[in-house]
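Enquirer: Structure in structure tokens, see below.
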């Protein structure tokens, strides 16, 4: 039985294998076909069936082999299919437009609006309009005033239907076409679009087609066509309403464009996605119709509908959520189960409580009861998501509760301790709270309470509130006042802080013999109003504040305040005024780094509304140094709260530890306000007074130093002649005595009276009066480059013969900016860039018993001799002309920083220099000043900045012209000044003057560019030669590769044959030998090389010719970077060399 069953299973398996061999059985009845396998299995021999199965298996293997072979063939040479897909598959479809379509055109102007009367009116937000205006700025208006462009129209008070509201300039390019269609394919297409978008069967009566083609912006150059804007508005008028179809073909730029619908009530409007943003370009790529760039809208009476019932979203691609239904899912469900049909809004189980009617949208009157809110609550009507009114109650600010039952006050001061500033006081009131800064602090009380003008005094000791009250205060730390140590002070209500006994408290300060401080001495009556408080404090904040004030004004950062006595007069009056004065006086004790005990008084006036003849001052024990404050004793004393002596309005600071008081912090400041400095610079006198001329004395021969570039001349007064040590920047003249000793004795015997020209070393050369010192503090500001002052020395008259007569004795040139000084040795400061030089030149003075050469002889007898001496001196100075320096002008590159440079030349350059000044008879002080002017030219380029334009393609945005100032710096040539003493001039060498340097400048201006151009030409020629050589080598190499095949090139050799040199004939023999080997014939298929087979890095047995891929069999081997130079590398080759 098991054998029979096995036999039946094999028969069934054979039946499945032979289904393709018995096609004739398909025509037999189905029942016979099921019985036939069983019958055949019982009648036929199983061995024959097994043999048939083996044959069928062989056939199946053969079919599989052929199928695999077919796939391999397809893999070796696949069929290339090129598919070009453009995304998106659909694009916006503009209606036909232009003159060929029968359109009319707007004029080529700016802000154009064309009036058009329609056949059928447009329904827009519940109103019908038969007259519209076609606007060039990308909209359809319903009013004549809508043609003017203005931004922010959504929302606004003007009715618009705007596909793309933008400022277009038709004068710059672009056209606007429009036409009204009442029949034809346009109406049919509009009808089908409406039916597809809203599932409504409507009949289109007319259509208005408006096309804005290639719009250009305003105030810019014309953009390329791909950057222009092209869009269309198709308005379909039906019996069931108006539909608007916006079609965007190309959006290339925007200037804040907007798209949408505006009802004109400044509230109701509809904006397209990305309207008013730079992303408005995406209107071309998206749409709510399923086609990019096409948007369809239904203009109903109340609002604009974008999607059909059951759909919502900007692009109408979302279904309504639970509880929503209708177009744009704008309606809410009022069903008992909470959900309704998304299209019709039907409720399967009925409406919810208080709702009935179609789709449960009617609210019952019994549910419309008004709710009574609690006290301190606000009742208002709110709207839910569906726009339905809901009455709500809410507690007012400062109260908590539900608003319907109760609203309790919130105590913010208890619930939040940090709600006010730490220096403020919190006060709670019903529904509110207040933060008030403490006394002595000012601010909003919540975020800021900084220390006020006056120091805090609300906790200080107060004087009795009566007239003429006093208080004696014993100091915890004694104060040094007016040179004496004080331990007790008396404070009176009349505004006095006295050190001595106060005998009377009325009259004037000068009559009271008072020693102390009077911040505001007046008829103050505390019994009427105000208060006076006193306290000695050591608070850190107070001391830090006064320390900073004193350190900043007295230039002593080491001063530290240790204690302060604070006396405050708060809102004090004389009994007749309604508004009182408030001021404060601080006596500050401290010391500096030298442990010097210092005391200051700081008077601070906040409010001084009344005066009544009051006085203010500091009365020292030395009456001559007492200080009365400005306007003391007058009605103008109220100005103390606005003025100051430390540049802080209302604050006056004085140092009082010494008997001699100083009205200002610095001795060079001008009292009483100390807001400017004393002028110590002399004013140049217009002429020398007669009494001053008599005291003038000519200086003795000596050395005159070349001054440093600080615009200061410091003449040296020298008595007698001597040896002068020569140094750098010192012009030294060696002179012999004017007369011998015998001549001096002879001339001294003459008794005729004569003027005395002698002088003492301590007497100044020039005497100036007080009015000559009237220069401002900025008189010494250097506004030009430094200059060099050359002062030649005097020569004795017997140095050279042949003199020129001079009948007039010139006076020295006193063109200086600082007072003259007398000194035996003068230090000459040098600039950092100059070379090292002796700081001063020692000068030997004449002995006191030696007589000056100018004192010998009488006036009458020496008149002729004196003139001869002057002529001799003049002629002696003539000998220095060959040694006088010269100012050389060297053109320098333009200095963009605007700073002129002073360059010092060497001694060799000084030999060719000449001085341009003339020497005088006795002493000539000549100043040569050369200024390098810097001219700054400022040019303003007016530009008109166009509005910002967003261009959405690769076209670059036009650049706005810059409105910044352009500065052209014109720099004069720098001055080269000699810095070394001149040597003996060589007459054979030519003199180089300024004119010659100017002649050289044009030549250099031409020569330098020519040399630069020649250098560049040489570089270019070299580069061209290198490039040509490389191209020639590459061309020859390519010819060889074409002749000998792809295998031509550098070939690696085995290590064994490394030292053996082979020839071209050896390669030919090897090629002939290899060509006769049949084992390698398959590998040589398709080769064009004459050198045999390609070499491989692996044995030949691993690479069967039949299994090589196309790339392996056809691509030449790579000879790049295979380590050919490494002698230790060994290769295995498929070929035999």
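Cβ atoms are placed via backbone N, Cα and C, with glycine included.
Taken from Swiss-Prot, the feature compositional bias 'Acidic residues' covers 906-915. Look at Swiss-Prot and you will find 916-933 tagged as compositional bias 'Low complexity'. Sequence annotations record features per position, and here Swiss-Prot assigns domain 'NIDO 2' to 519-659 based on sequence analysis. Look at Swiss-Prot and you will find 240, 416, 571, 756 tagged as N-linked glycosylation site. If you look up Swiss-Prot, you'll see 1027-1037 marked as topological domain 'Cytoplasmic', on the strength of sequence analysis.
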Enquirer: For residue 240 (N-linked glycosylation site), just count the other CB atoms lying within 10 A of its CB, please.
Expert: 14
Enquirer: Using DSSP, how many residues in the topological domain 'Cytoplasmic' (1027-1037) fall into helix, strand and coil?
Expert: 11 helix, 0 strand, 0 coil
Enquirer: Using DSSP reduced to three states, classify residue 240 (N-linked glycosylation site) as helix, strand or coil.
Expert: coil
Enquirer: Could you measure between residue 416 (N-linked glycosylation site) and residue 571 (N-linked glycosylation site) for me? Cα positions, answer in whole angstrom.
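Expert: Residue 416 (N-linked glycosylation site) and residue 571 (N-linked glycosylation site) have their Cα atoms 35 Å apart.
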Enquirer: Give me the CA-CA distance between residue 240 (N-linked glycosylation site) and residue 571 (N-linked glycosylation site), in Å, as a whole number.
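Expert: Cα-Cα, rounded: 82 Å.
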Enquirer: Going along the chain, which residues six or more apart from residue 571 (N-linked glycosylation site) have their CB under 8 A from its CB?
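Expert: Within the chain, residue 571 (N-linked glycosylation site) has Cβ neighbours under 8 Å at 529, 530, 531, 579, 580, 581, 582.
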Enquirer: Please spell out the DSSP helix, strand and coil residue counts for the domain 'NIDO 2' (519-659).
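Expert: Output for the domain 'NIDO 2' (519-659) reads 24 helix, 58 strand, 59 coil.
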Enquirer: In terms of Cβ proximity under 8 Å, which residues at least six beyond the ends of the topological domain 'Cytoplasmic' (1027-1037) contact it?
Expert: none
